[in-house]
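For reference, the structure discussed in these notes is given below.
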Amino acid sequence: MKLRGCGTALVTPFKQDGSVDFAAQRALVEWQIESGIDFLVPCGTTGETPTLSHDEWLKVIAQTVEVNHGRVPIVAGATSNNTAEAVEKAKEVAAIKGVDAILTASPYYNKPTQEGQYLHFKAIAEAVDKPLVLYNVPGRTAANIETATLLRLAKIPNIIAVKEASGSLPQIMDVCAQKPEDFTVLSGDDALTLPILAVGGVGLVSVASNQIPKELSEMVRAALNNDWATARKLHNHFLALMNANFLESNPGPVKAVLAMMGRIEENYRLPMVPMRPENRAKLEKIAAEAGVLKNATVAQ
């Protein structure tokens, strides 16, 4: 399996009473696929997975698979900072027919050494027969997967890719220059996608594609086809929105815009909260200028 193109790190819609809005989630998945997205990533950070119960986590993944019906690859999130638990979660996801790969992040909070991270990911890989996509996001985990460690992990047959959100272009360039041919680098940062694609990345796991799946899929596709003029035009047009999605902690802003678009209700689970009014107003202005609010619909 080789992931390529733009994949959406899906939000998880909630109702006002705090329950998962499965009807809105179903509609979002269908809209994403109809818009030309290349793959889908349910239950990552953007999906507020830490606030989902175990049962809800599995149900969100299962419904994504059901709605997808084999049309695009599904890369389901399964992460824990307890290796034994991470292994069990990966096994559960691997057992869901229609899940194509598993996204798993570095152990967070307990700050393992590089050897600890290597053995953690190795244990997960050896426990399942599904491809693994590693998620390097040290800004959240406090545990960077260094290049030497990642290159060791890339030798494990079913570790096929990394979602790179370290924010360090020098590190990402080193990985791209030294990685095996069959190991894939995916951008985990919307705003850095074009530089990452230019040095050897082949895709993006996106937050902003929740809002603009068609446009970001076209941007990545254009870059991969060496149509850099089109890719730059789309990047420059949506760069302000990409950055505004992080005016506050993700997924606050992306869910706010989706609510403005009429695609979900704007509800969160603590500790996530609605945006401050001044930031929400700034975000709405940027979203309107980017043109994403012009076709707002009625929320499902």
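Each Cβ is built from the backbone N, Cα and C atoms, and glycine gets one as well.
The annotation site 'Part of a proton relay during catalysis' is assigned in Swiss-Prot to T45, Y109 on the grounds of sequence analysis. Annotation source Swiss-Prot lists pyruvate binding site at T46, V205, citing sequence analysis. What Swiss-Prot lists as active site, proton donor/acceptor is Y135, and the listing cites sequence analysis. The active site, schiff-base intermediate with substrate annotation in Swiss-Prot covers K163 and is backed by sequence analysis.
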Spatially closest candidate among T46, Y109, K163, the listed recorded positions, to the residue listed as 'active site, proton donor/acceptor' (Cα to Cα): K163
Residues that sit under 8 angstroms from V205 (pyruvate binding site) by C-beta distance, when 6+ apart in the chain: G7, T8, A9, V41, G44, V75, L103, K163, L186, S187, G188
Y109, Y135 as recorded positions, winner by CB count within 10 A: Y135
Residues near T46 (pyruvate binding site) in space but at least six apart in sequence (CB under 8 A): A9, L10, V11, V207, N210, N250, P251, V254
Neighbour count (Cβ, 10 Å) for the residue listed as 'active site, schiff-base intermediate with substrate': 27
Structural state of K163 (active site, schiff-base intermediate with substrate), classified by DSSP into three states: strand
Cα separation, T45 (site 'Part of a proton relay during catalysis') to Y109 (site 'Part of a proton relay during catalysis') (Å, whole number): 15
T45 (site 'Part of a proton relay during catalysis'): tally of other CB atoms within 10 A of its CB: 22
